[in-house]
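Notes follow once the structure below has been shown.
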Amino acid sequence: MAMSEFGIVYAVHIITVQFGSVVSKVCECLLRKGPLSSRDISRLAESDINHNQVKDILYLLIQHNCVQAFSIEPPDGSENKAIVQYIVLFNNILHRVRYNKFSRLVNEELGTECGAVLDGLLSNGRLTLGQLIERDRDSGKTIGSEAIRDSLQKLVAARFVERIPSPEPVLGNKEQEPAKKRGAKAAKILKEPETLEERVVEAATPVDAIRFPLIFEEDANSSLAVDDSNITEGKRKQRDVDSSDPSSGVIWRPNFEEFIHRLRHKACVEIVKERRDEGCAIVLRAMLEVGRSQEKKVKTDNSAPMSIGSIYEEVIKTEAGRTMLQERVEACLDQLSATSSYLPAFVTEMNDSYIVDFKSIISVAQKDEIEAVVMRRYGKEAFRMFRYLSQEGRFVETDKIADAALTEKKDTPQFLLKMWKDGYLHMQKLAITGTYVPFLLWKVNKLIVTRQMLDEMYHASLNLNLRLAHELESEKELLMLPSDKLEGPLKERVKKVKAKRLLLSSTMFKLDDAIMLFHDF
Amino acid sequence: MSKRKRPDPKSPGGDLNEPHEKKLLDLIRINQGRGATMFELKREKTIPATIVTRLIASLRKKNLIKEVANMNNKGVKHYLAMEFEPCSELTGGEWYTDGALDLSKIEDLKAKCVMILERHRQRVVTLEVLCGYFVKEEKLSVDQTKEILKNLILDNLIMEVKSNGMNEFASTRIGEVCYRLTGKKSGNGEPRAGAFASIPCGVCPHIAICSPDGVISPTTCVYFQKWLDF
């Protein structure tokens, strides 16, 4: 999805808070102008940053996985060298505000030692095993190099941690590919064209055997992350490089894809628990566990098919599902497969196999979020109209909407116009000969609504951040005083500031879940 | 000898003087409950536009046609043959009285429907039973009952399900259309608030003009102030 204005502003704010405004200027330049070479960045960035500073900033952003370098193969026969360009990884910038969610996942699933190793990688961006051991040695609560090594292996085995990608993948020149004549059928089977970011990330990602090695070969005592590969003409191109030089260690980083994958599954279980019941949630959790390893990408629409036997086997492994009989599991599967005007099916049954319909589960939660905004912002009449148009899925004329929503015909246009003005409805005018005024037709376009809501959610996230900073800044001196020495009104004021901080932080946490629901899941 | 024609004993209300008058009346009759507007009648090529107004007045005087205002556009008059009732396009429909929607009646009917479903919370209520009640007790038509139910579905208060003959559908035929309350939406029985809708920005009418350094900004926002004033 293309970046929206407040998506960019929010991402720039995240980088500014964590790395300062000079770094964020470089980031903003890439966000607004697309992939650029370092020379172009120093020319176009809205600050006086010289070329060497730009390079250092880019290394920092690469270290923290916010930028990826790449080059495009020059055309055949051309004598030009491939120019290295840098592309910003918008998703990874947003992930920076949800590191505590990633930490919690690992602490729950693999324990606190793995959690500590992950925290090291999250705060430093990328480290070798040697650096992780050194970090542990310097910390207050050391757990020992063996424990660090074991934890890292567990994290890699669970795919929470990966080997860093190729520092400078070379993309084939797309213009050189011969134009193939494709029929309509072939065009439908082919997948949608990839964005440049997707191509770069795919080209940089090593195969699974290298990305998640089963056996760690490198020397655990090596504390140097730095080596140079791609050295040409004696110049260093990159600092952080995974090289084949045996004196350097493999460099590791968090695998955000897997975290989002797990959070998506968690969200689906919560959605089902709220809308069905605990039993259905237990069965769904088991199904997700069964099918997880076969899912090739995060945003997969459906799980792999699975039998009742494999589902039941997984259910009874869990503490909550230990006492469930197979009949109960089958009853839950029937419930999950049922449809009504209220809920679609979450599971599809096909030839004695069951498939989880992720798209259906996620869309129910997205619909609830959108409709909650429509209800609170525009009122219950507009809510009925919006739901009617969502169900119809096509253009409908104003009077018909009024009839369906049982609203006054003369009042209906104002509700529809308000929603249209804010980007929640699509409108078309239809002039018919013989009528005095053109017909207005209305439609809910889910893609447009989703984009609009996402942009508003980024805006709201930014606002919550800014407000929190403002609240803390305005009571900065008070908060510096030792709280046990405070009494009376001052103590009350501190309590109030802390309560505001808690409310704003927890709201940002929940809003980020909603952002993931629309952007990542 | 009188040149006046004798009145036709078969036609109600008197004779049709002009040859075009009958044509005009036929044109209006064809459109039944929708009738025709002056604009549409004047566009008719078979009748000279200049005499349409006089013919309309004559037909009205003879009680052969009536004038009905279009409730969507009160300035536009439709002419209907006397034997036809105005269609819902002109009156607004069965829920309209004198051009206004009977909102209190609709809300009252919806509340009664929800009460019936609340009494049968553990089971479902069939469409047949609901139609039976509303037709008998509230004098609605089957179509009107269905409209009330559809409206409650749009309110997200009830849901339509098809019976599978088991559990809560035990006393219904398989495939029968039934209704139940959407029931508990979130843990405490309240409608799901929505993460974005629960914060000031989610419902703010000025979000489009809000910016970090603008006149409306998160640090100066009055909605934020109220929200944090607990």
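These residue numbers are counts, starting from 1, taken along the chain as shown.
A Cβ is built for glycine as well, from the same backbone N, Cα and C atoms used for every other residue.
Not measured: the values here are computed from a predicted model.
Positions annotated as domain 'RNA polymerase III subunit RPC82-related helix-turn-helix' by TrEMBL: A:11-70. Per DSSP, the domain 'RNA polymerase III subunit RPC82-related helix-turn-helix' (A:11-70) is made up of 42 helix, 5 strand, 13 coil.
Mean model confidence of the domain 'RNA polymerase III Rpc82 C -terminal' (A:151-363) amounts to 79 (pLDDT, 0 to 100 scale). Look at TrEMBL and you will find A:151-363 tagged as domain 'RNA polymerase III Rpc82 C -terminal'.
The region 'Disordered' annotation in TrEMBL covers A:167-186 (among others).
Residues or ranges marked as region 'Disordered' in TrEMBL: A:227-247 (among others).
Residues or ranges marked as compositional bias 'Basic and acidic residues' by TrEMBL: A:233-242.
What TrEMBL lists as domain 'DNA-directed RNA polymerase III subunit RPC3 winged-helix' is A:370-438.
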For the domain 'DNA-directed RNA polymerase III subunit RPC3 winged-helix' (A:370-438), how many residues does DSSP put in helix, in strand and in coil?
40 helix, 7 strand, 22 coil
